[in-house]
Amino acid sequence: MELQEVLHMNGGEGEASYAKNSSFNQLVLAKVKPVLEQCVRELLRANLPNINKCIKVADLGCASGPNTLLTVWDTVQSIDKVKQEMKNELERPTIQVFLTDLFQNDFNSVFMLLPSFYRKLEKENGRKIGSCLIAAMPGSFHGRLFPEESMHFLHSSYSLQFLSQVPSGLVTELGITANKRSIYSSKASPPPVQKAYLDQFTKDFTTFLRMRSEELLSRGRMLLTCICKGDECDGPNTMDLLEMAINDLVAEGRLGEEKLDSFNVPIYTASVEEVKCMVEEEGSFEILYLQTFKLRYDAGFSIDDDCQVRSHSPVYSDEHARAAHVASLIRSVYEPILASHFGEAIIPDIFHRFATNAAKVIRLGKGFYNNLIISLAKKPEKSDI
């Protein structure tokens, strides 16, 4: 089975769907919103071609569920707010939004949300039907998606960590698995495995930047949010917990060791310095803004979450419920690729053990994602300067 056929979130509206388990990602979007607004402000002041008539925007790796249109909503609100600040509120441009993800993404569930979204946009923003046009653009952002120099603003959140393929070189010439008992490039992975994953990410991210530079107009903007490497205080990440859960099942004889050793998730969490260096080396973009922030991976469990507090406060007294919440989110993201390799029957057991391990981490006040926000501008051609 092709990787692109299984590298997608759980679709639909069921209990295991991404749509029902994406409250964490709503918090990420809320943290990014002020940066998004500033990015839009700089974009509109750059006076790019045709920008006062039609702003062309894309969300790269849009997934499905309510968060998909929340990103669009935040972008439209930012554009209208900045236009009003510029005393151009009577000249609001048409906004054309492209939602992009792999072909197996549940675009249909997003389309079902559009009528109510358009009504809300008209009621709260005064934008009549037709002033914001939303379309799907299925495909991989590791290749070209749009015509040359056609886009003003590109956005991507929590997608860039996914690789275009499992790195090569994870099996030796003798057929021995180099990444035994691991499912990704963890701290325990041998140096050759870590290098293979870094090399694949470097290739993919560099290609991503080159493709986007071809699609963006000169001085167009791009806003990226992704998970980045944290520190020891953050505790094990969710991929570590998933790896532990699968190893538990191997130890119990529920899964064969060879099944674990042949499974490698195409995901890489880069460091801030790695991302920064790759942007600079590719050369098409100027870094305008770079910031990191931490979120507990059980953030979003309740609306009262103080998602950045590091403590043993009473918020951790319900660690089992919080751990189950985290397990549901991770299941909604990784179930398709796990089921394609291990089979559907074992999935509930994997995430039962995942939740057990996550509860131990949460009880200790650990379990954080380190996040990177980076705002980029396409460098102008010499003829544009």
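A Cβ is built for glycine as well, from the same backbone N, Cα and C atoms used for every other residue.
The DSSP secondary structure for Asp101 (S-adenosyl-L-homocysteine binding site) is coil. Sequence annotations record features per position, and here Swiss-Prot assigns S-adenosyl-L-homocysteine binding site to Tyr18, Cys62, Asn67, Asp101, Leu102, Ser140, Phe141.
His155 (site 'Involved in substrate discrimination') falls within a strand segment according to DSSP. Residues or ranges marked as site 'Involved in substrate discrimination' by Swiss-Prot: His155 (among others).
As annotated by Swiss-Prot, caffeine binding site applies to Tyr158, Gln161, Phe162, Thr238, Tyr369, with the evidence given as similarity to another entry. The 10 Å shell around the Cβ of Thr238 (caffeine binding site) contains 20 further Cβ atoms across the protein chains shown. DSSP assigns Thr238 (caffeine binding site) to a helix.
All protein chains shown were included, and the count of other CB atoms within 10 Å of the CB of Asp261 (Mg(2+) binding site) stands at 19. Under the heading Mg(2+) binding site, Swiss-Prot lists Asn179, Asp261, Phe263, Asn264, citing similarity to another entry as support.
Feature annotation from Swiss-Prot assigns site 'Involved in substrate discrimination' to Ile267 (among others); the stated evidence is similarity to another entry. DSSP gives Ile267 (site 'Involved in substrate discrimination') a strand state. Proximity of Ile267 (site 'Involved in substrate discrimination') to non-local residues of its own chain (separation of 6 or more, Cβ distance below 8 Å) is seen for Gln161, Phe162, Leu163, Tyr184, Met239, given in sequence order.
Look at Swiss-Prot and you will find Glu344 (among others) tagged as site 'Involved in substrate discrimination'. DSSP assigns Glu344 (site 'Involved in substrate discrimination') to a helical segment in the three-state reduction. The Cβ of Glu344 (site 'Involved in substrate discrimination') has 10 other Cβ atoms within 10 Å, all protein chains considered.
Counted over every protein chain shown, other Cβ atoms within 10 Å are most numerous around Asn179 among the binding-site residues Asn67, Asn179, Phe263, Tyr369.
Asp101 (S-adenosyl-L-homocysteine binding site) sits 22 Å from Asn264 (Mg(2+) binding site), counting Cα to Cα. Close to His155 (site 'Involved in substrate discrimination'), meaning Cα to Cα within 10 A, are the following binding-site residues out of Tyr18, Cys62, Ser140, Thr238, Asp261, Phe263: Cys62. Secondary structure at Phe162 (caffeine binding site), taken from DSSP and collapsed to helix, strand or coil, is strand.
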